[in-house]
Amino acid sequence: MPVVFVAASKLPTPFATFTMNGFLEEATGREHVVLSLGDIADGAPVLGRVHSECLTGDALFSQRCDCGSQLEAAMRAIAREGRGVLLYLRQEGRGIGLMNKIRAYELQDGGADTVEANERLGFAADQRDYAICLPMLEHLGVSSLRLMTNNPRKVKALTEMGITVAERVPLHTGHNPHNKLYLATKASKLDHMMGNEHQGEVDRA
């Protein structure tokens, strides 16, 4: 899958000044961003996150999901480490796009859970494709990750494409009354490893 590097610039944030690397997915025209910090090409496992775009959670402070909180927590963790990488993939709504995501939310308002809503609209529960991660990581010289995720599918996908996942770092944050069913559904139907349901994992603020 052709993904080409376009340009890089500094991105000052409240957490750290990252390098913002821009990539173009030629087949779809989607523009992806990778934030990097420190020396990530030295061969040692890199603290990282693969984060799919969520306009409602990342930019509009929605409490229907935990996406915005996870994004902030990941950026803070990388800043504390002084070294890391965050892939921001333009795969809104687990790959169904923003307008279909709003349609799915409408169905959820009527009682459907997040998986049922996608399926009623004719989509798979999760349509994201992580193959685009490989050329971006290769460009940055990253071959091993300490991956911040609760999603075993991400671990499996990266491992199958030859990226070493040296450690899975749980990322439990952003729980609130509005997303209780959403998080429970991710655990029960999408096999996400959510907090107290798994011994030895500690919630992270």
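Yeah, the Cβs are placed from backbone N, Cα and C, and that goes for glycine too.
The model shown is predicted, which means the values in this text are computed figures rather than measured ones.
For reference, Swiss-Prot has these:
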ACT_SITE  D126  active site, proton acceptor
ACT_SITE  R128  active site, nucleophile
BINDING   R49, V50, H51, S52, E53, Q70, E92, G93, R94, T114, T149, K154  GTP binding site
BINDING   C54, C65, C67  Zn(2+) binding site
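Note on proximity: among E53, C54, R94, T149, the binding-site residues of the record, the Cα nearest R128 (active site, nucleophile) is that of R94. Local packing around the recorded positions H51, R128 was summarised as the count of other Cβ atoms within 10 Å of each Cβ; on this measure the leading residue is H51. H51 (GTP binding site) has C67 as its nearest neighbour among the recorded positions C65, C67, D126, going by CA to CA distance. Counting only the Cα atoms, the space from C65 (Zn(2+) binding site) to T149 (GTP binding site) is about 15 angstrom. For C67 (Zn(2+) binding site), the count of additional Cβ atoms within 10 Å of its Cβ stands at 19 [all protein chains shown].
Of the listed binding-site residues, namely C54, C65, the sparsest CB environment within 10 A is found at C65. Of the chain residues outside the Zn(2+) site list C54, C65, C67, T56, G57, D58, S62, R64, D66, G68, Q70, L71 have their Cβ within 8 Å of the site's Cβ mean position. For E53 (GTP binding site), the Cβ neighbour count at a 10 Å cut-off comes to 19, with all displayed protein chains included. Cα-Cα distances to E92 (GTP binding site) place C54 within 10 Å, out of the recorded positions C54, C67, D126. Checking each of the binding-site residues (R49, E53, C54, C67, T149) against D126 (active site, proton acceptor), the C-alpha distance stays within 10 Å for none of them.
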